[in-house]
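J.: Feature list, courtesy of TrEMBL:
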DOMAIN    3-33  domain 'Anthrax toxin lethal/endema factor N-/C-terminal'
DOMAIN    60-178  domain 'Anthrax toxin edema factor central'
Amino acid sequence: CVFFLAFSYYFAPDHRTVLELYAPDMFEYMNKLEKGGFEKISESLKKEGVEKDRIDVLKGEKALKASGLVPEHADAFKKIARELNTYILFRPVNKLATNLIKSGVATKGLNVHGKSSDWGPVAGYIPFDQDLSKKHGQQLAVEKGNLENKKSITEHEGEIGKIPLKLDHLRIEELKENG
């Protein structure tokens with residue numbers, strides 16, 4: 001919801017100044033996205049052979065499952081969207097994080113830049129060592145991610161931190177089922 005508001009404020013001339021004044025980090029993010037992100041998204045779609053006007057839209061349960069959102073959260077977001085007569089946009093959630101979020105594990109804020117893991121026992125989490133993340137084996141990306149993780153923890157001490165990984169039997173079974 002916050003991202004959608006920032007997005008709408010950024011592109012509404014009357015609200016842009018408010019966003020820049022009260023949420024400078026979000027303003028800077030939107031500024032970077034506008035300057036390079038939209039072109040990257042278009043290039044990515046072209047590489048995948050997707051025509052912008054021919055994207056198949058998933059609906060209902062298929063859309064919910066593909067999104068990775070917790071179903072109860074999606075219902076709450078739909079209610080809010082109806083009440084506010086607006087749209088709420090989300091990036092897909094790592095599917096191996098959905099049950100973690102449902103069980104109360106915190107989600108990643110804008111002050112965390114590390115990538116989540118999609119493999120092994122840390123799947124669904126943001127590993128401090130980015131060589132355990134989706135960036136595994138990509139030396140420059142791993143080094144950058146590790147620096148960003150260290151910076152995030154230093155700059156946001158008390159807000160975010162490292163915890164030891166603990167897996168119960170159900171989580172181990174879920175990871176086995178998902179390869």
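Placement of Cβ uses the backbone N, Cα and C atoms for every residue, glycine included.
A TrEMBL annotation is a machine prediction, not a hand-curated record.
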J.: Looking only at the domain 'Anthrax toxin edema factor central' (60-178), what is the mean pLDDT?
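T.: It averages 90.
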J.: Would you mind splitting the domain 'Anthrax toxin edema factor central' (60-178) into helix, strand and coil residue counts from DSSP?
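T.: Within the domain 'Anthrax toxin edema factor central' (60-178) the tally stands at 56 helix, 4 strand, 59 coil.
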